[in-house]
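Pulled from TrEMBL:
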type	residues	note
ACT_SITE	Asp141	active site, charge relay system
ACT_SITE	His205	active site, charge relay system
ACT_SITE	Ser544	active site, charge relay system
DOMAIN	132-613	domain 'Peptidase S8/S53'
DOMAIN	401-472	domain 'PA'
DOMAIN	640-750	domain 'C5a peptidase/Subtilisin-like protease SBT2-like Fn3-like'
Amino acid sequence: GIDYHKLNKVQQQDTYVDVIVQMSAAPASENGTLKTDYSSTAEIQQKTSKVIAAQASVKAAVEQVTHQAAGESYGYVVNGFTTKVRVADIPQLKQIAGVKTVTLAKVYYPTDAKANSMANVQAVWSNYKYKGEGTVVSVIDTGIDPTHKDMRLSDAKKAKLKRADVEQFTKTAKHGRYFTDKVPYGFNYADNNDTITDDTVDEQHGMHVAGIIGANGTGSDPTKSVVGVAPESQLLAMKVFTNSDTSATTGSSTLVSAIEDSAKLGADVLNMSLGSVSGNQTLADPEIAAVQNANESGTAAVISAGNSGTSGSATEGVNKDYYGLQDNETVGSPGTARGATTVASAENTDVIGQSATITDGSGLKLGPETIQLSSNDFIDRFDKKKFYVVKDATGKLSIGGASDYTADAKGKIAIVKRGDIAFTDKQKYAEEAGASGLIIVNNDGTATALTSIKLDATFPTFGLSSVTGQKLVDWVTAHPNDELGVKIGLALLPNQKYNADRMSDFTSYGPVSNLAFKPDITAPGGNIWSTQNNNGYTNLSGTSMASPFIAGSQALLKQALNNKDNPFYADYKKLKGTALTDFLKTIEMNTAQPVNDINYNNVIVSPRRQGAGFVDVKAAIDALEKNPSTVVSENGYPAVELKDFTSTDKTFKLTFTNRTKHELTYQMDSNEDTNAVYTSATDLNSGVLYDKKINGATIKPDGEIVVPAGQSVQVGFTLSLPKSFDQQQFVEGFLNFKGSDGSRLNLPYMGFFGDWNDGKIVDGINGQTYAPASGNYGTVPVITSRRTKNQFIGGLVNDASGNPTIDEKAIAISSSKDAIYNGISMQYYLLRNISNVQVDVL
């Protein structure tokens with residue numbers, strides 16, 4: 001992209017940029033009731049072509065202004081086209097009759113077997129036999145390798161998209177092609193060709209995402225095959241990232257094309273594990289409009305929330321706030337789209353990673369235990385070797401100092417303990433003593449693996465936990481001349497860092513800048529093992545990995561809706577468009593399980609971080625099969641958006657819908673922690689954000705909650721805050737309801753007590769974000785030498801205490817073009833999310 005900081009104001013006005021021109025007329029998906037599946041491809045294309053043809057007069061008028069030919073045209077989920085235009089001419093385009101909006105094309109980035117059991121997916125496979133048969137999930141990402149051995153269907157006869165259907169579509173669309181039963185359609189929208197496999201060397205993001213959704217591996221070894229959430233679903237390979245460079249970005253126009261084709265092909269769900277930080281919900285953004293219109297055509301959109309933590313965590317991108325910011329949100333666009341299911345990430349409790357197993361061939365077996373090997377070149381260097389315990393002067397296990405070694409170490413694997421000297425020095429002394437390798441035993445007395453340590457990659461080394469290491473020391477001491485077998489490889493082991501459901505540090509915070517509720521739900525996204533090209537596998541983390549989990553789960557939910565034996569099938573069959581996609585989203589959010597913060601007395605994790613909670617796929621399917629009753633807010637959303645308010649008593653309404661044939665009565669959960677009212681707090685020692693209860697705050701219904709069979713009832717609630725509660729704080733929590741039939745409903749709520757619009761947008765010099773100790777100087781003047789290109793912070797001095805500060809009177813440049821320092825710019829720090837910034841130099 002163009003670096004506007006390097007352009008003056010005149011140059012900026014002359015710069016050509018990519019824009020999407022949206023028309024005032026509605027796209028084809030909003031005209032009439034087109035059936036959105038492969039059987040109606042010809043009708044969809046016909047109506048789309050009609051919409052595009054009607055753009056002709058506007059295109060001609062636009063080309064008169066831009067002197068550029070119009071680019072790609074859209075007509076199904078968005079009515080518009082792309083073009084290049086000078087910045088100065090954008091206002092003229094907006095004045096052309098028939099033009100609704102002119103939007104700068106955005107840049108988007110990818111957002112990077114135990115997980116299935118965490119969300120009760122296997123129970124759905126075994127109890128209901130739902131594995132995604134007859135469903136299609138569109139993977140809008142970096143590409144898919146359709147030849148991978150796990151990209152398979154067990155029975156192609158149950159596939160929704162047949163080869164003939166795809167070939168009919170490609171004939172009229174004039175792009176894309178059929179690949180396999182599992183991946184029936186694919187196209188490279190970024191490079192405009194049929195190469196759908198990602199050629200990135202290090203990792204293939206889209207292939208990893210595809211495996212989480214629908215891999216269908218066989219075999220019992222979890223390191224050599226993957227089974228996704230909906231293993232019998234079909235996948236569309238909608239490649240939107242180019243193979244022609246290493247920029248790892250894509251743009252609005254490419255996304256819109258892929259979304260539009262996904263809807264035309266009748267995808268049940270589309271997944272986008274990508275985003276642009278801190279988005280909004282305006283339909284003027286074509287990709288937001290495309291997501292919304294895809295929902296209206298019956299294609300559910302599932303999108304990652306982002307990996308930016310909070311805006312107050314400086315460059316760390318974690319759940320910290322160093323600056324006391326009122327507005328911490330970072331959830332990304334297009335995940336901010338109202339109709340999308342936006343997904344946060346939790347850590348996987350089991351992880352596939354490198355491990356060591358030590359045996360003597362008879363009774364001894366230590367491990368498998370997670371290890372960090374100094375280099376993969378040394379996988380076989382520890383096997384069938386003799387071992388040597390390095391001892392100190394007292395005869396105990398030594399730290400591995402140079403003087404602790406004897407000649408007996410030569411050719412053996414040395415064992416030392418952690419502590420006192422650097423790990424690399426331990427390696428150095430072992431190598432100098434002639435040892436063939438080194439094992440470092442942790443010194444904390446626990447079974448915690450010794451990983452994340454700095455090792456020299458030139459000497460064979462790994463660490464062991466205190467417990468395992470001491471057992472090894474005892475055995476070697478008793479058998480000093482015996483060899484041991486050491487097998488190093490991949491294994492499924494407990495996550496040493498997280499042994500319980502826990503949010504990922506990186507997952508982005510909501511809400512949207514207008515206080516709309518986001519993210520919506522949480523799924524496993526930390527340390528996920530999935531597919532790579534050429535029958536490979538790897539472990540990746542990110543909301544990119546959580547989003548496809550929900551996409552796969554919604555495919556299972558869609559299969560349940562389509563099951564003619566489902567007792568509610570007649571009702572489900574009537575659901576179309578947004579009524580269908582909103583229902584899927586509501587069922588998942590109503591049955592989610594809120595995550596608690598184990599580091600802060602098991603209080604709830606903020607709904608601005610986890611949405612409605614951790615997905616429970618079995619609970620969602622159980623609801624669809626037994627009692628699909630729901631609760632939503634007054635505006636129909638499965639979360640309460642209180643917005644900002646200043647009265648300590650805030651009223652709101654919920655709508656309970658009973659879809660059963662018997663009356664239901666609901667009671668609020670009697671657990672005082674479950675239905676408590678919370679606000680946000682910051683740990684002053686670490687900067688970590690957590691929630692705390694507001695003592696004396698309550699939420700109560702206006703009366704009994706009784707819902708007749710087959711009806712909806714609106715019930716009023718009152719949130720009461722203590723009179724002493726300070727303004728300018730979030731108020732949030734979860735409402736949990738128990739039905740008279742044993743069913744449960746979960747509903748998050750969130751609002752802001754005070755004036756949300758109050759406060760500064762741009763931080764001042766030496767403002768609240770000025771924290772040199774953390775590497776952030778916030779808003780500062782940058783002085784530049786046009787001759788040497790060197791830069792430094794203007795006016796930076798030390799105060800009386802020796803701390804850095806900026807003296808505004810000491811900021812100076814020369815007006816001479818021959819001077820060394822004759823340029824100045826501002827590096828400004830935003831305290832809020834805003835759409836556009838204009839800087840005037842006066």
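Positions of Cβ are set from backbone N, Cα and C atoms, glycine also.
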C-alpha spacing of His205 (active site, charge relay system) relative to Ser544 (active site, charge relay system), in angstrom: 8
Alpha-carbon spacing, His205 (active site, charge relay system) to Asp141 (active site, charge relay system), which is rounded to whole Å: 7
Around the Cβ of His205 (active site, charge relay system), the count of other Cβ atoms that are within 10 Å: 26
PLDDT averaged over every residue in the domain 'PA' (401-472): 93
Surrounding CB atoms that lie within 10 Å of the CB of Ser544 (active site, charge relay system), all protein chains: 31
Cβ packing number for Asp141 (active site, charge relay system), 10 Å threshold: 29
For the domain 'C5a peptidase/Subtilisin-like protease SBT2-like Fn3-like' (640-750), the number of residues DSSP places in helix, strand and coil: 0 helix, 66 strand, 45 coil
